[in-house]
Amino acid sequence: MQTSVHAQEKLAVKHCNIIGSGIFISPKGVLEHAGSVGFSLIVWVLGGGICALGSLCYAELGVTIPKSGGDYSYVTEIFGGLVGFLLLWSAVLIMYPTTLAVIALTFSNYVLQPAFPNCLPPYVATRLLSTTCVLFLTWVNCSSVRWATRIQDVFTVAKLLALGLIILVGLVEICKGHYDVLRPNAAFEFIRDPSVGQIALAFLQASFAYSGWNFLNYVTEEVVEPRKNLPRAIYISIPLVTLVYTLTNIAYFSSMTPDELLASNAVAVTFGQKLLGVFSWVMPISVALSTFGGINGYLFTSSRLCFSGAREGHLPYLLAMIHLKNCTPIPALLVCCTATILILCIGETHNLINYVSFINYLSYGVTIAGLLYYRWKKPKLHRPIKVNMLIPVSYLLFWAVLLGFSLYSEPVVCGMGLVIMLTGVPIYFLGVHWRNKPRWVYCVVESVTYVGQKLCYVVFPQDDPLESRLPVEQAESKSEL
């Protein structure tokens, strides 16, 4: 049974690929901050290049530290428990829930926009529909791994259909001579005075669409011949995705002026209404299905990260448990669902993207800095893949400039993410580092775990090392008292 579950998990993660729903969300933000059509296209191309540099660094880490869990596992191995915990803390509280909230809001906007063609959909309606979507997909993921993977398979097709249709129709328009906005003299007419801070925010907006380039590192232990397949996946996927994203934006500009794109709440819907005529309904349905699948994929991946954290003792053991019959990580899924709904109620899409992209880039930079530190700390360690030193150094230079100017331009939004991340410091020392806690603390934890197991009907996975470790730790804590 365990083998079949792992096989299904690998299939699901495989489909959580880099081409995500962000391409239907970010073009407006990229154009707004870049200031011109031409510069926004440059941001999309350079954004793909930066992802390629980061992916090569992650490939070295993936074969040098062959643990599932991605950034969290690498940072924990290199820098120790505190830094790893802060990365995990920010992922569980910020990265995954905020990304889920943005995609869910996009889903509701694309579903409701055709019903409100001349105005924004009502705030309450978008939040209710987003919450309903998240709750439904949480139930699906709690009920069956097979259902979750089937949804991912079907809705990945919808995502590719929507992008293919946009690019095809856009190229047809360009062949007809409709590319006035793309002419060099018009493409670089700035709608606002450019600044380094605004350009940094444009890269943050684009990075949201590219997020997911490191997902393969979450299952490194299960990748066959990672020394060959990790670089191969990078060399094929990153250029392909960069091309698709750039062509999609070119297609948008074949039918929309910059002002029209900035005024649109659902760019692909506006594109469809202008070019597809009676078939314009295809676009909102395709994008809604794409974002629906995106939510499903992120819910699935978040549960794997929670398991890695619980395995290291950085999260409650309850989050590493799975349903006795369905083999689904119900407690981890419920935590992610609850955090997502809370963020849905308080956030706005544009600010949420800056918020989550800032934290994402922060975690990427810390991880790649760890690569350099590990080279210095263990120079003789066997590395099946060893990238040129210029690659991590170039990435970190870009990373420092990007985060510095982003924080300067959006101090409240980006600073809030930093504050939430740093709240993990006292949590780490109280919950993880402090070993000899009072007896009542262990009693509370045991009671909550017991109640959680009874409510969710969950146990440790078969042959999981936690299963044998937990009773020993509990016995040691009681003997010390």
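Each residue, glycine too, has its Cβ placed from N, Cα and C.
Going by TrEMBL, these are the annotated features:
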type     : residues : note
TRANSMEM : 41-61    : transmembrane segment
TRANSMEM : 82-108   : transmembrane segment
TRANSMEM : 128-148  : transmembrane segment
TRANSMEM : 160-179  : transmembrane segment
TRANSMEM : 199-220  : transmembrane segment
TRANSMEM : 232-255  : transmembrane segment
TRANSMEM : 275-301  : transmembrane segment
TRANSMEM : 330-349  : transmembrane segment
TRANSMEM : 355-375  : transmembrane segment
TRANSMEM : 387-409  : transmembrane segment
TRANSMEM : 415-432  : transmembrane segment
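Contact check: the transmembrane segment (128-148) against the transmembrane segment (160-179) gives fewer than three Cβ pairs closer than 8 Å, residues 6 or more apart, which falls short of the contact criterion.
Counting C-beta pairs under 8 angstroms (sequence separation of 6 or more), the transmembrane segment (41-61) fails to reach the transmembrane segment (275-301), with fewer than 3 such pairs. The transmembrane segment (160-179) makes contact with the transmembrane segment (275-301), as judged by at least three Cβ pairs under 8 Å among residues 6 or more apart in sequence. Counting C-beta pairs under 8 angstroms (sequence separation of 6 or more), the transmembrane segment (330-349) reaches the transmembrane segment (82-108) with 3 or more such pairs. Counting Cβ pairs under 8 Å to the transmembrane segment (275-301), the top-ranked stretch among 82-108, 355-375, 387-409, 415-432 is 82-108. The list of residues near the transmembrane segment (387-409) in space but at least 6 beyond its ends in sequence, with Cβ under 8 angstroms from a Cβ of it, reads 50, 53-54, 56-57, 59-60, 195-201, 203-204, 354, 358, 361-362, 364-365, 368-369, 371-372, 375, 415, 418.
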